[in-house]
């Protein structure tokens, strides 16, 4: 079946072009209900709209920047235009309105900024403090909200249940059946009177309504699950100073006047103005499409919502929020663009289209055969030219049967089962601490063959403490609280002063006093551990920061593996501090502080001692950092780069970050599932190897390699090396990207990659599944990722893989079940029409069967929870056929059995049940066929729970949805047969006949066991 699909049905799991997405839509020839079929696919028209907005933004910003540059030249000579404060703004106590603020930042209007008194003047006019932020008075905040708006963008209202009912009614075949029902009512009542003549028509109407309401109910429930997930995706927090206290807040609570702290990897949450900071580079591509980053500082203080901090850190004053920003307007359009359709959705749309065309052909032929038989019969009777109301009703019935064959034959439910299964899995994964951002990731994760994982925070707990140090060439244990005070008493005061100066100034973290008056350490786990070490040595963060002036800061990034600052000391001297990867910093040192506290040249013996210390710390699975400083004798300008060498080594610290509980078991589970786990870390190779062995990642036949060594390898060497690499240490983001690219393209692996930093974004983008860390991850990393691991735990990644496999297998089960029903229903009605001139399954009965196999079948089979068996089989990989040989064996075997049973009943049913003399023998036999057919589907639904295992009942009671669907189907089947005969063309059956139907259905189970024993 899949081989019949051309390349035009192929889409990537991510980053498919609009042309590719449009192409497969045009190929969908037989679509019963476009609104439903294409509901969970990308809205391409909205995407084109968003692209147009981006282009406009790009042009507007380009002009604004040119104008602001020109304005800088003429600003002294130009008198600004008068600005009148609106009355409502003045009454609220503010001196500038939202529109004026918006035009300053969005238009990069230096002239207006100068007129309003620069950034400090604007802060005064919106009633805020650039140091303490907004006061936390609720009334004042509400008033500010009314004047300036809230930081939320307008979203399309979620659809109500009745909208889904209306969309379900858009089904072309149901509309045609509705017309047939209407005509049947009129002709039936005209010929047979009320109520007898209305039965057939009302039966079809009731069936249509039942199908519509069950379909709408399922779709509505699904949409609620997606809405819940969308809310989770939008939970973004940012550091804000309010009332003098720094705190974490949701970006949706921001108001103009808030002071926001931005650092590398953050997304700018609103339009604003730069207050203070260092080396701030902003990536505006998300808003303007421009790839070149923009430098932001006092001269260019404009920060736009939705842009990303590529480098540096700063404080920002919020000026414009929500829909008053360009990002708000863009997001309102983008949010309606929808998620890309998944490869499986598209593939199953292709399968549905092929089957739909086959079904349409059979429907037309069936109708033609039935009409031909009827005309032949009339010809023999000599009544060809005389047509009665009954004849019209027969014709209408034949047409309804043909249309219903299309209803059953076009498996609309196939692509929709994918979204149903994914929605269910995504909701459950949310409870398991994994937030899926893109539908396709959930599906692709089941095929993953390799996981490239970070070490820190993913395999380890990310709760870091300094447990060893080598200060003044002396190694000290720091495991007990009293050890730090002992260390302080042993090192000279001058060294302690330099050490604390380095710790408290050369940091991306902060020590703040919270509302309760207690000290709180903010920053990354590494920074927090070092600051805690500084405090335990008796240091005071605020005093150290006030004692000197920061001249320049170069924040840490994973390429340089170091960070540095330049300080102006009280006596006017300049000093540079650096810290980072031990080997890199040590290589930049020329001197060292010896055991007497004196600065001496770094000789070979000292280098050997320090390298041995680094190796010793690393072999104990400690992260090692080196701290160093240098006096800048020749002066320094803030435009200069911080020196890369010539430093004096203060010391080395060893930070413990224990392995997370359960990681070793998870790695072993991955190995048994055929998934290779590789550790890619920026840490020291000995630390990485020690942790990898503890986790079970590094085995005897595996290789641990350093990034710089990996970089130098030729293509031939890489081909031999990459399959054996289990650990890559001291890797740069480019190394990670290169490894992922080779694994995907050269070795055809399906690769999942974890990342937390801004520089990980290219690897996350390149990978089949990008996994960002929810706690340690930056907003840039999260936006590039497909799944966010909310608890940063490797075990959660394994859970995602298990759910991914579950989704894949569940959809396979449903497809197997549905194709069996399709084939049998098609062949039965077609052969019967050809042989007898009548169809045993009427329109109403086929609609009920369609509901069992479509909506209810998808609910039952597509929502099976994962089991441990899933992780004991190899992954599907990139090229696995979705409809496997095993599935075809089961489909064809069950179809043959069901067809033979129905053919046997048609041929010998009347004889077996002694119906020959009865006036309603045809009705009883057709009811028996219908009943047996439905029970065959019910038992086949149970069979489909396992495609290869004989025991299909294991864990069935754990799935309440499955049991509920089966129970409901049996209940309604009894009602339809016993009580709704006049509408459904059935008649009550005897106990023996019911038992026979049940046995026929049950016989499918031992046949399924026999089929599973046939090797394929």
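Just so it is clear, glycine is given a Cβ too, placed from its N, Cα and C backbone atoms.
Remember, TrEMBL labels are computer predictions, not curated facts.
Quick look at what TrEMBL annotates:
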type	residues	note
DOMAIN	6-49	domain 'Calcium-transporting P-type ATPase N-terminal autoinhibitory'
DOMAIN	119-184	domain 'Cation-transporting P-type ATPase N-terminal'
DOMAIN	236-333	domain 'P-type ATPase A'
DOMAIN	839-1012	domain 'Cation-transporting P-type ATPase C-terminal'
TRANSMEM	172-190	transmembrane segment
TRANSMEM	202-220	transmembrane segment
TRANSMEM	354-375	transmembrane segment
TRANSMEM	395-425	transmembrane segment
TRANSMEM	882-903	transmembrane segment
TRANSMEM	923-940	transmembrane segment
TRANSMEM	961-980	transmembrane segment
TRANSMEM	992-1011	transmembrane segment
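On the 0 to 100 pLDDT scale, the domain 'P-type ATPase A' (236-333) averages 86 in this prediction.
Of the two recorded stretches, the transmembrane segment (992-1011) does not lie close to the transmembrane segment (395-425), with fewer than three CB pairs under 8 Å once pairs fewer than 6 apart in sequence are set aside. Away from its own ends, the transmembrane segment (202-220) comes close to residues 36, 39, 159, 161, 164-165, 167-169, 174, 177-178, 180-181, 184-185, 400, 420, 843-844, 847-848, 850-851, 854-856, 858-859, 980, 982-985 of its chain (Cβ-Cβ under 8 Å, at least six residues beyond either end). Residue counts for the domain 'Cation-transporting P-type ATPase N-terminal' (119-184) under DSSP, helix first, then strand, then coil, are 39 helix, 3 strand, 24 coil.
Beyond the ends of the transmembrane segment (923-940), by six or more residues, the same chain brings 817, 820-821, 824, 828, 840-842, 845, 848-849, 852-853, 894, 897-898, 901-902, 905-906, 909-910, 913, 915, 966, 969-970, 973, 977, 981, 985-987, 989, 993-994, 996-998, 1000-1002, 1004-1005, 1008 to within a C-beta distance below 8 angstroms of the stretch. Taking Cβ pairs closer than 8 Å, the transmembrane segment (395-425) reaches residues 30-33, 36-37, 39-40, 171, 173-174, 176-177, 180-181, 183-184, 187, 200, 204, 218, 222, 225-226, 342, 344-346, 348-349, 351-352, 355-356, 358-360, 362-364, 366-367, 370-371, 374, 436, 439, 442-443, 803-804, 806-807, 810-811, 814-815, 818-819, 821-822, 825-826, 829-830, 833, 839, 841-843, 846-847, 849-850, 853-855, 857-859, 861-863 in its own chain, all 6 or more past its ends. Beyond the ends of the transmembrane segment (961-980), by six or more residues, the same chain brings 203, 206, 848, 852, 856-857, 859-861, 863-864, 927, 930-931, 934-935, 938, 941-942, 945, 986-989 to within a C-beta distance below 8 angstroms of the stretch. When DSSP labels each residue, the domain 'P-type ATPase A' (236-333) comes out as 18 helix, 49 strand, 31 coil, counted as helix, strand and coil in that order.
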